[in-house]
């Protein structure tokens, strides 16, 4: 069988040479069949249907011609009626005067309309002829065309009346079809609202026109109304005014009026109902953003999953705070319907003219076209942080970003993401803010630099520094004024602040700019480097092309320089900026808000004259060395560590403390594994050998050690406890800043991760030995039915820990900023009530930082990550803000860029006296740039019920208790609990009864009962809580010595002063925020001892890190 199939078939019989050349036609026809496609469209009927109906452009031309034809017939009727004179020989048979010219034109128009109607009827025939015959449009065509055709063959009836005015209804249908064909031809969907309005207007016009022409003709046998009088009567009747001066007299015209009113009462309400429904639906969906407005005006698009009133107001207040954005429109694209609060806000005239709400999905190109995304200046895509599943919320954000990039690739994207592991999916966006990265970095720095969260929050908010200026308290005025400082930029060659420091060192420019103008130069960007460097150090020489980044109340372009008259007269002819020490400027006034900062005398300090020389020491004539001047150019010998601080950089090869053997276990290197793609590599302190996983459990022993609590480990430094729901990848950004290479080893704090926080777990993890407790917002609480209740569990738990461990520094993250008022809550506290009233006043004045005066926020004890949304909004105007914030928080490390740290002012440092002199001291000695002060003051809060100790009766211990209350702190006197008071009364009664019955009992027992009663009288809530904690510690086998040493420090308030004026007095225990230069920026290329092993370890860590990436 296989052989037969493989054989070549024989040639057909009678094969000839001609067949070889031409082919065997019969053989081919037997095997091939020619198929013709679209045969039906080749017929004459299909070609006509394609021309008249299917093809949009040709069909549109037919519609326009038909519409013009109907309008022409109506116009001819009006002209005939106006030129007609009913008084000329009207008899019974002649209803209208015969005009040959009009008759010829009307007959031609009637023939054309009749033929077109019959042709369209033939082309649209679908098997039921009677359905097409009894259509209203077909009947009207026959009424208006057939009589004219009959008059051709019957001349005696050429002056008969034909209701040609009914063609207005056919013109209305032709107009509707024409509009649909127009939108089909240009490939655009027509608006339902536009169509409905058009139908309503055409219906009204047709009703009025039909009534006017019909009444005018019927009244020829009566009052002979003119066409205008008939039109007047119809308008008065349809508007329900009814003056009665013009009325129909004969019954046919009266019957026509009745018919027209009935038709209007049926048709018009249906049209209005449809219009109102479409209007309501359009109000929900928002309609479209005008293409003409998009091409002539600028707008940005805000894409969110669910629009809340807080999110909307934060965006609008921050976006429109910049003067050059006042003419921008904001188009909100949201899939959900606008809620009532947002609707009320958007109806305010301030926002109604600039904010447009569109209901739609970013994933639909039609909705993106409605928002004119391709013409937008920017698109902000925000995540829904209130979702329980934040990973799902990130997935939605990623899809939105992809959809916008696909539809409008040239539109700048500003994306907010929640999880750091999802950040690389939106790496193509122009600006990305990862919430968990910033959250954990700020929480970490809060443990090292107090109130870093408050410092960064104030820097990224737009303010003019007017908050709290009407307050009677000094700290609120200073705090409110300094909160107006922001980060700005300017080129050195265009700046009056820094232009004169071209060719000088960075620290020299920073110090003298702060001394003269009150501005703090924190960083630069060179034209050749393109990287922002914070405090590049004195070795960086300022160039004219450098971009300077500085902190000030307002930017330099909005500042005016005012000179005194004496200085103007005595100014040399060389100009204003001849030298750094000769600038006669004493104040800078911000024109934006009349903010004035009076500076100290800008004359150079006379070191020889003893201006900066501290007072005598120990009554002798000896003095401390005066503050050295800041050098114009870097001198390696003069850049020494500041005597106020210990040297932060340590050499791996030198260890002066031989007793400390633990230091040899640490090396400096890069983390070998990255938890997610896109994390910035940071040089850190690492263990020489990887710790076993079993040793990471603090409460359980293993074969390597038997420790089961923090006390057994014997940590030298205070603990940092992180209370979180899960150990996510974001914790990497909490650990890295605390283990960065520039942190001294002796100051590294042990970090304890607490995934559950009952009292026993808190005690076992060493909370009494902790310096800071960081409470991260729980994701599981996002499922609360009321949005603002999402923080309820966190607030109550933190309040419990605050009452149990009052000396512990608790740093809390909340979801909603408005809930910060419940932190460290004190019922009926007069001072808290005063702060609440101040917050309401600032909010009424339009402040974006009304919550800033709450004591927990001012002290850096609480913050909300939603307050950093303004960082993304500010990036639209300041594209460098995200990078500067990441450098400050340690999320990014750029070679040569400095880092944020803090120093504490002690008694030995008070001789410096002022902030300006401290600035000079730091710049001249250690090349550090101070940017602010964290100040803590003692404050006596107003007395409340919760702070008054109440006695049970007037017993003999009242005096002792009064003396004790005067000696102790005011906050150590809470109310006696009710049960304790009742128990004390019962014991006192029993003791009296016992003494009456047996007076001869032993005195020891009576004294013991009396002492017990006395102790219960004096027992406060604070003591009961302390006793509860000690009992639990004894039950767990933990020593109570550490808890007994805790003190309650509640009568203090703390706040942040950003870039204070140079004459601000330093106070004891002030903490100064510093930007310290990179210790590795000027390390010589020849490495010291052990550097080769460090380099090898660094290379191996890089290889390992590259292997973990996708």
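The backbone N, Cα and C atoms fix where each Cβ goes, and this holds for glycine too.
Note that this is a predicted model, so its numbers are computed, not measured.
According to TrEMBL:
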- 958-975: compositional bias 'Basic and acidic residues' (COMPBIAS)
- 1093-1110: compositional bias 'Basic and acidic residues' (COMPBIAS)
- 297-433: domain 'RCK N-terminal' (DOMAIN)
- 602-624: region 'Disordered' (REGION)
- 951-975: region 'Disordered' (REGION)
- 1082-1110: region 'Disordered' (REGION)
- 64-83: transmembrane segment (TRANSMEM)
- 103-124: transmembrane segment (TRANSMEM)
- 136-157: transmembrane segment (TRANSMEM)
- 197-215: transmembrane segment (TRANSMEM)
- 227-244: transmembrane segment (TRANSMEM)
- 250-272: transmembrane segment (TRANSMEM)
Item to complete: Look over the recorded stretches 64-83, 103-124, 197-215 and say which has the most C-beta pairs under 8 A to the transmembrane segment (227-244).
Response: 197-215
Fill in: Intrachain neighbours beyond the transmembrane segment (103-124), with Cβ under 8 angstroms and 6 or more residues off its ends
45, 48-49, 52-53, 62, 66, 69-70, 72-73, 76, 132, 138, 141, 144-146, 148-149, 151-152, 158, 164
Item to complete: Mind looking up the mean pLDDT for the domain 'RCK N-terminal' (297-433) in the predicted model?
Response: 90
Worksheet item: For the domain 'RCK N-terminal' (297-433), what are the DSSP-based totals of helix, strand and coil residues?
Response: 59 helix, 28 strand, 50 coil
